[in-house]
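As recorded in TrEMBL:
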DOMAIN    35-462  domain 'Major facilitator superfamily (MFS) profile'
TRANSMEM  34-57  transmembrane segment
TRANSMEM  72-93  transmembrane segment
TRANSMEM  102-122  transmembrane segment
TRANSMEM  128-153  transmembrane segment
TRANSMEM  165-185  transmembrane segment
TRANSMEM  191-211  transmembrane segment
TRANSMEM  278-306  transmembrane segment
TRANSMEM  312-333  transmembrane segment
TRANSMEM  345-363  transmembrane segment
TRANSMEM  369-387  transmembrane segment
TRANSMEM  408-432  transmembrane segment
TRANSMEM  438-457  transmembrane segment
Amino acid sequence: MPTPHSDPPPVISSAADVNELINSGRAKGGKSTAITIIALGGIFIDAYDFSAIAFGLKDIAVTFELSSIQEGIVSASIMVGALLGALVGGYLVDRIGRYKMFMADMVFFVVAALACAVAPTFELLTGARFVLGIGIGIDFPVALAFIAEFNALRGRGGKVSLWQPMWYFATGCSFLVLVPFYFLIPESGHADLWRWAVGFGAVPALIVMLIRHRYMNESPAWAARQGDLHRAAEILQSSYGLTVTVDDSAQEPAATGPPSSGLREFARLFSPRYRARTILAASVSALQSVQYYAVGFALPVIIAALLHQGRLTSIVGPLIFNLVFGVLGGLLGVRLSNKLGSWKLAAGGFAVCFAMLIGLGLVGDAEGAMLILVGAMLGVFVFFHSYGPGAQGMTIATLSYPTSLRGVGSGFGQAMLRIGSMVSLFFFPILSANLGTGVFYVVAAAPLLGLLVLLAIRWEPTRVDVDAEEAADLAAAAPDRHPAV
């Protein structure tokens, strides 16, 4: 039975009040869950576009008569674009808003995906993948910022980590799309299957763009940070169904304006407060990327080389590995996020991945019953990569910084991830051609280094309210900015 006198609506007078409503869980429900799902839809497109071309790397090399270096350039070009997009986009996300960037980057996905599908030359394919990478680099940190800023502190780590199972689901779908084309297209056209997979990526991009336009709102935390509490109140009402009252007399506009210098904001990442967090986030992001893109992205090639099977196996094999091992590992990590935290998940995952890579190097070219062991080790690698460091690199980068710095911090983490992937995608084909399965020993250095960095820096972002931490820092510094006369 309803009470005769309902509680008065919460009063907001600063960005800290808006953050407290969201972080405490008082603002929940409404469209916030849908917004999280829509943001994950962006991750789906990112992963699909990255992975769709993986199956066709060897066919692309034959079609365009590429050397191993040119093959590495095709693979890495999307990463160069993503690196640029992450650095520039991360800054713009904090300066002009999450929503505007979220809508603008979709143009890259549609146009560049179609351009990749019909590219007649190596140069045009490389250029189209570079442009596609710019869109991905912009979109990724925005999506994670949305998820972080629309969910309560408790459980936020798990919600942000959902990007990893979504990534593997999308990667699996990029191979699933190939199955009907494999049977419908004559065998003489199988060398162009990668074009169908890449071009199909424009379809989900269009769908997500329309859904974003219809249902997404700006982040209330970002709006409040800009000093627009009335807009933040409107977003809280439309997104959560939460009515709040704005106390105009107590606003503090001087503390909420956008940053005046991009370099200044990047420099904040290495201030005493955030330096160790930045090093940890950058290291985990880059090193997990090295191991993933060496093994996960090249999985079709690895399966064909180790298991000595044909084109259909190189489609179905990665499909199973991604949808079963990748998705389930990621979901287990999400499930355990509140209990274990990002640090333990990343450390445990790196340790298992290191062991599997050494094992794959020891087994070498497998035959007979050893093929089962190779398949099992690849599956365990994918499972624990998704469970641990695969998700936690960007989770740490997203949750280690307050709203005012989240776009820059997440973008920087994404840039380090792309540097790791560029190194891996460029050098893996070259090393693999020269070392064979011995390349796994080289790749094993990545999880080993990641584990050492984690042991040196024991920062746990899921246990700290970084917005409240920033507010306390500003309050403590206030007397120094306004000394008594």
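The backbone N, Cα and C atoms fix where each Cβ goes, and this holds for glycine too.
Automatic prediction, not curation, is the source of TrEMBL annotations.
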Let me check one thing: do the transmembrane segment (72-93) and the transmembrane segment (165-185) come into contact, meaning three or more Cβ pairs under 8 Å with sequence separation of at least 6?
no
Averaged over the whole of the domain 'Major facilitator superfamily (MFS) profile' (35-462), what is the pLDDT?
85
Mind checking which residues of the chain, 6+ beyond the ends of the transmembrane segment (408-432), have their Cβ under 8 Å from one of its Cβ atoms?
57, 68-69, 71-73, 75-76, 79-80, 82-83, 86-87, 89-91, 93-94, 133, 137, 140-141, 144-145, 262, 265-266, 268-269, 274, 278, 281-283, 285-294, 297-298, 301, 393-394, 396-398, 400-401, 439, 442-443, 446
Contacting positions for the transmembrane segment (191-211) when only residues 6+ beyond its ends and CB under 8 Å are counted:
38, 41-42, 44-45, 48-49, 52-53, 55-56, 59-60, 62-63, 103, 106, 109-110, 113-114, 116-118, 174-175, 177-178, 181-182, 185, 311
